[in-house]
Amino acid sequence: MAAAARGSGRAPTRRLLVLLLLQLLWAPAGVRAGPEEDLSHRNQEPPAPAQQLQPQPAAVQGLEPARAEKGLTPVAPVHTNKEDAAAQTNLGFIHAFVAAISVIIVSELGDKTFFIAAIMAMRYNRLTVLAGAMLALALMTCLSVLFGYATTVIPRVYTYYVSTALFAIFGIRMLREGLKMSPDEGQEELEEVQAELKKKDEEFQRTKLLNGPDVETGTSTAIPQKKWLHFISPIFVQALTLTFLAEWGDRSQLTTIVLAAREDPYGVAVGGTVGHCLCTGLAVIGGRMIAQKISVRTVTIIGGIVFLAFAFSALFISPESGF
């Protein structure tokens, strides 16, 4: 009985020892797991805020899914100065184009070249007159732009403010001329051009008579003419020379030179040519009717206001802005 009692008392003791050993084995692992988990949480950095991606071209968007599959971060678009420079160049061209076409229109409507084209179109072929006048005006515009562009060797700040002062002087002068001008000024200009063209026609007819055969002797006393006159219409040459000489030193030529010195030269050349084409085309198509309807006094006053507006705009635009 005593042996059985000792055997039964050892069994619970063994069980307690086994439980204590198991507890000692498991306890360090549990204690170590806690700090490691804490340290892992501490080492984790906070998630970076999501970047708002700008819409990109199709070629770039096609590359983004491939980069995402590889686990790479999408590349943000890089903006260069080329786009800004191109936008500024386009804006400068548009500004120069609008300035040139508006100034040419208010300067040429009712001008001497306008009446020359109008009167010659009533007497001769309109296309021939338009071609001769436009060739002269295009050549004059290109020469004026070259003269103005040659001044770019001077620092822009000087040419900018000098051209602004010239615009102000032209504007004040045109306003003064317009206010002092009589309502019949356009008619007087028209009559002056008619007299000049009549004189040219008489000289041309006299030349033709001298080139004709002599009735008494039956021989020709022709005056030698230049060979190129046989291939080019005399009307074309007359329209070209009259328009070129009338435009040389005119207010529109000086204005084109001033604009080319401060604006984009290509915009000034294109805008000036388009402006001349509109005015000359209007004169050729309308003829005398438009010449009599146009009030030179009103056009001159409007032109003075436009010139002063360009001069006033220089107070708000920096010379370094590029337009």
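For all residues, glycine too, the Cβ spot is worked out from N, Cα and C.
Topological domains recorded in Swiss-Prot put LYS198 on the same membrane side as SER295. Looking at 35-60, 61-86, the stretch flagged in Swiss-Prot as region 'Disordered' turns out to be 35-60.
Confidence across the topological domain 'Cytoplasmic' (288-298), taken as the mean pLDDT and rounded to a whole number, stands at 72.
Here the transmembrane segment (228-248) does not lie next to the transmembrane segment (299-319) in space: the count of CB pairs under 8 Å, restricted to residues six or more apart, is fewer than 3.
The stretch from 90-110, 267-287, 299-319 that makes the most Cβ contacts under 8 Å with the transmembrane segment (152-172) is 299-319.
Long-range Cβ contacts of the transmembrane segment (127-147) within its own chain (Cβ-Cβ under 8 Å, at least 6 residues beyond either end) map to 113, 116-117, 120-121, 233, 235-241, 243-244, 247-248, 253, 256-257, 260, 265, 268-269, 272-273, 276-277, 280-281, 284. Only residues 6 or more beyond the boundaries of the transmembrane segment (267-287), in the same chain, are considered here, and those with a CB under 8 A from a CB of the stretch are 92-105, 108-109, 113-115, 117-119, 121-122, 126, 129-130, 133-134, 137-138, 141-142, 144-145, 148, 256, 259-260.
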